[in-house]
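Q: First the structure, which I've put down as structure tokens, then a few questions once you've had a look.
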Amino acid sequence: MWLGVITLFPEMFRAVTDFGVTGRAVKNGLLELHTWNPRDFTHDRHNTVDDRPYGGGPGMLMMVQPLRDAIHAAKAAAGEGAKVIYLSPQGRKLDQQGVTELAQSSRLILVCGRYEGIDERIIQTEVDEEWSIGDYVLSGGELPAMTLIDSVSRLVPGVLGKQASAEQDSFSDGLLDCPHYTRPESLDGVDVPAVLLSGNHEQIRLWRLQQSLGRTLLRRPELLQNLALTDEQTTLLAQFVEAMNKHA
């Protein structure tokens, strides 16, 4: 996957290129990330990248000319078919379904705003989609961009050691993940569930599915409203609720 990022702080993206899963993906040639800094497209000696908004009010906007030139440079490097995304609190909220959709694109250009945002005409003429990572205020679009890159890259074939790792992540099937355990078998008197030590793969599968269903019901019940549960899932969830009520 090819990624271009428009940002005033390109050094922040070393967190993507140099570390963890995404860093390995870059090293292995599965992920290609380039940055364009609007400051490199300024024409004054101060490298000005902000400007006052029409109509007054507090704060500044990103200056149109350097930002637009940076976007054009990224588009030229990406070639035809690149999707331009502006990270914005007004955009569609990112969820696993959205991540799956974005992962179908081979080339993405992410525009990271700063200050009070960017000129609306840039959004109208240069941006294909707006995406948000949540209903809260951040200082810029860099952290949302890194969040999007990390989540999307996990679905790029070969990035994870095993595709099952992505398939078993929370939200991959619309449910929260089940609990996980490692050694020791007993920790401060709390034992690993016996079924996980049984070696019975079918029973382990059913237990994990039931725990995912139950955890989703208890912590994010609204997620279940969007799912068409199978007969197996419905039965397992009913058994979970029954057991929970017995121990209430």
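Backbone N, Cα and C atoms are what each Cβ position is placed from, and that goes for glycine too.
Copying in the features that Swiss-Prot gives for the protein in this structure:
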- Gly113, Ile133, Gly134, Asp135, Tyr136, Val137, Leu138: S-adenosyl-L-methionine binding site (BINDING)
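Show me how these features fit into the shown structure, please.
A: The number of other CB atoms found within 10 A of the CB of Gly113 (S-adenosyl-L-methionine binding site), across every protein chain shown, is 25.
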Q: Going by DSSP, is Asp135 (S-adenosyl-L-methionine binding site) sitting in a helix, a strand, or coil?
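A: Coil, per DSSP.
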Q: Enumerate same-chain residues with a sequence separation of six or more from Ile133 (S-adenosyl-L-methionine binding site) and a Cβ-Cβ distance below 8 A; give 'none' if the list is empty.
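A: Non-local contacts for Ile133 (S-adenosyl-L-methionine binding site): Leu87, Lys93, Leu94, Leu143, Pro144, Thr147, Leu148.
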